[in-house]
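> Below is a structure I'd like to ask you about.
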Amino acid sequence: MVKQTIQIFARIKPTKQTKTGLYEIDDDDEGCPRLQLIVPRELAAGFINNKKENYSFRFNKIFDQKTLQDEVFACVAQPVIDNALQGFNGTIFAYGQTGSGKTFTITGGPERYSDRGIIPRSLSYIFDTVEKQPDKVYTVHISYLEIYNENGYDLLDPKHEAAKLEELPKVCLMEDADQNIHLKNLTVHQAGSEEDALNLLFMGDTNRMIAETPMNQASSRSHCIFTVHLTCKEEGSVTIRKAKLHLVDLAGSERVSKTGVNGAILTEAKYINLSLHYLEQVILALSEKNRQHVPYRNSMMTSVLRDSLGGNCMTTMIATCSLDKSNMDESISTCRFAQRVAMIKNEVTLNEELDPRLLIAKLKRENAELREQLAMATGEQLSEELSPENIERCENSVKFYLQDSDPEGTLNMGHDLRKIQRCFRILKRYVLEKPQAQPQQVEAFSREPSSLDVGPYRDTETRKLKELLEQRDNEINILVNMLKLERKRASDGQRSALTMASRTSVHSVHNVNSEPLNGHHHQGEAANTSMDNGKGDLINRATSEENIKRQDTFYVSRSTSTTIDDGDSMKAKILGDMSLGRQEAFDIFMRDYRDRDKIEANKQFLKKRYTEAKALGEQLNNSKQKMNHLKKILAQIRIQSEMSDHAGPGGDNQMEVEVRKQVEEEKFV
Ligand code: ADP
Ligand code: MG
């Protein structure tokens with residue numbers, strides 16, 4: 001943004017009168033151009049009634065009478081146009097009383113080519129410049145508006161050949177929600193060349209002149225705004241620069257008091273002055289600091305030139321002065337007005353905006369990228385198919401990738417899974433099309449997908465196999481441990497092995513004496529067990545050997561139903577309580593045990609002893625029965641002897657001794 005005060009220039013209209021002394025042009029103490037207006041004494045004493053004689057005004061530049069059009073153009077217009085071509089709005093307006101040379105300065109004089117004013121020179125300059133910049137695309141549009149009695153007229157309406165200004169299409173002011181001014185019915189015409197533009201200017205000026213009659217000198221009482229609309233787009237740029245260049249020929253600034261002729265003209269004068277009055281008010285408001293409200297809307301002209309006055313515009317004013325004796329007061333008024341205008345600071349910004357088409361393309365690209373990112377993030381495939389352009393791009397990328405001799409070369413297709421998959425498909429097609437050329441690659445390539453295809457399935461199977469393997473390992477470990485345990489037991493000797501077998505049987509019988517059998521009779525007092533509680537005396541008197549015999553007998557008699565001699569049955573009994581694994585281990589142990597022969601020998605020995613014990617048991621039972629019988633006889637003899645005691649001792653005592661002897665003998669059988 002550039003802050004710039006409105007530039008003010010003064011132009012003195014040539015006059016035929018050679019009188020001098022009415023004005024001076026020089027530089028003031030600060031080196032600024034100064035226009036001094038010298039009021040003749042008679043005038044000062046008369047009309048103006050002001051004692052002051054000299055009025056000095058500062059300007060950016062003052063063009064004296066002899067200044068030619070080209071110099072005015074170069075100083076005033078060219079910098080504004082240069083900025084307009086860059087994208088800054090510009091306004092040049094001429095202000096002064098009727099006949100002071102405004103139209104001559106803005107449009108030019110009709111007589112000589114060199115009298116061309118700022119508008120035709122600007123058009124020429126614009127098209128020249130455009131031609132010198134082929135890298136930029138400019139478009140030039142033109143509109144021409146005349147404001148008369150607060151009405152706008154389109155001077156470039158091609159349908160009308162107006163006899164009167166009022167017959168031209170009326171232009172209306174429209175304001176949008178953002179308070180931007182729009183001119184309805186004002187046609188805007190594209191000019192492709194300087195000639196086109198000049199034709200438009202000519203047409204507008206023609207309409208302007210036709211509408212003017214001696215009774216209706218609209219040109220002096222109306223404001224004319226010739227606008228060049230410029231757009232510039234640099235090649236490859238996404239932005240467009242736009243600028244409006246207003247070239248304004250204002251109505252004469254003379255006062256009402258000077259114009260009063262008749263009713264009609266007075267009305268016009270009132271309007272002229274009203275709109276200029278409003279212009280003055282706008283200028284005044286803008287030149288005052290901290291002034292909030294600027295009355296742009298009071299007149300059409302100030303509304304249209306709103307941006308030019310205190311807005312986004314580089315504005316230049318040319319104050320035209322006709323320094324005749326009779327015009328001194330108007331000239332002073334014009335210069336005073338210029339001084340106020342010079343206080344206005346405009347804020348100029350570059351009118352750069354994105355090209356809507358480029359914006360749409362950019363948004364589309366962003367949208368596509370976002371969709372790709374979304375697809376990557378969610379893992380969801382995009383539903384839309386790739387466009388033919390994208391497919392072609394994939395083809396070209398793969399082709400380039402394969403042709404690239406750099407082994408480190410990469411194929412980067414961004415994040416779009418569709419593109420990535422498309423590239424893979426293209427690659428596969430290449431490989432399949434040329435299997436002979438690259439057999440190894442084909443093999444490698446064809447192997448790869450198949451292994452990829454079964455990947456997840458193989459993982460599952462591997463996991464199952466691993467689990468099975470662990471299970472088997474555990475089972476083997478258990479079996480090995482069991483084997484070790486059994487070996488340890490076996491290493492304790494043959495006795496242990498037998499113990500295991502016999503303990504099982506003994507426990508199942510009487511659960512009294514857990515002392516293992518070792519193939520010999522017990523030594524010493526092995527047991528206190530009484531086999532016949534009622535007849536304790538007799539038994540207690542028996543020797544330890546007898547006890548053992550008794551025990552064995554008891555054992556045998558009670559265990560007749562057991563299967564101690566039946567190896568297979570015993571084994572079945574032992575194994576019956578075992579798990580299958582244990583049984584298996586036991587079988588292996590039995591088969592491989594190094595003292596197996598001893599076990600077998602022990603088994604045979606045990607069998608033999610068992611048979612002997614059985615026979616002894618039977619013998620013992622017989623003896624016991626005999627003894628019981630003898631005891632009964634003894635008891636009868638005692639009863640008989642007690643009964644015969646009265647008769648004296650007889651042969652009964654002899655019988656008792658005999659029986660007792662038999663009992664004793666039976667004991668030692
Ligand atoms: P305005 O538009 O301010 O009413 P014009 O531009 O119509 O005044 O000027 C009035 C007359 O003066 C015209 O005939 C014009 O040719 C002539 N004139 C004005 N300024 C100059 C100038 N600088 N050089 C030669 N002729 C001029
Ligand atoms: Mg004029």
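Each residue, glycine too, has its Cβ placed from N, Cα and C.
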> Look up coiled coil in TrEMBL and report which of 416-460, 551-595, 596-640 it refers to.
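The listed stretch tagged coiled coil in TrEMBL is 596-640.
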> Can you list the residues of the same chain, besides Gly96, Gln97, Thr98, Gly99, Ser100, Gly101, Lys102, Thr103, whose Cβ falls within 8 Å of the ATP site's Cβ centroid?
Lys13, Ala94, Phe104, Ser220, Gly252, Thr320, Ser322
> What is the number of other Cβ atoms found within 10 Å of the Cβ of Gly101 (ATP binding site)?
22
> Provide the number of Cβ atoms within 10 Å of the Cβ of Ser100 (ATP binding site), excluding the reference atom itself.
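Counting Cβ neighbours of Ser100 (ATP binding site) within 10 Å gives 27.
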> Output: those binding-site residues from Gly96, Gln97, Lys102, Thr103 whose CB lies less than 6 Å from an atom of ligand 2, in sequence order; none if no residue fits.
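Cβ < 6 Å from ligand 2, in sequence order: Lys102, Thr103.
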> Counting all other Cβ atoms within 10 Å across every protein chain shown, which of the binding-site residues Gln97, Thr98, Thr103 scores highest?
Gln97
> If you count Cβ atoms within 10 Å of each one, which of the binding-site residues Gly96, Gly99 comes out on top?
Gly96
> Kindly assign Lys102 (ATP binding site) to one of the three DSSP-derived states: helix, strand or coil.
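The three-state answer is helix.
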> In the three-state scheme derived from DSSP, which category covers Gln97 (ATP binding site)?
coil
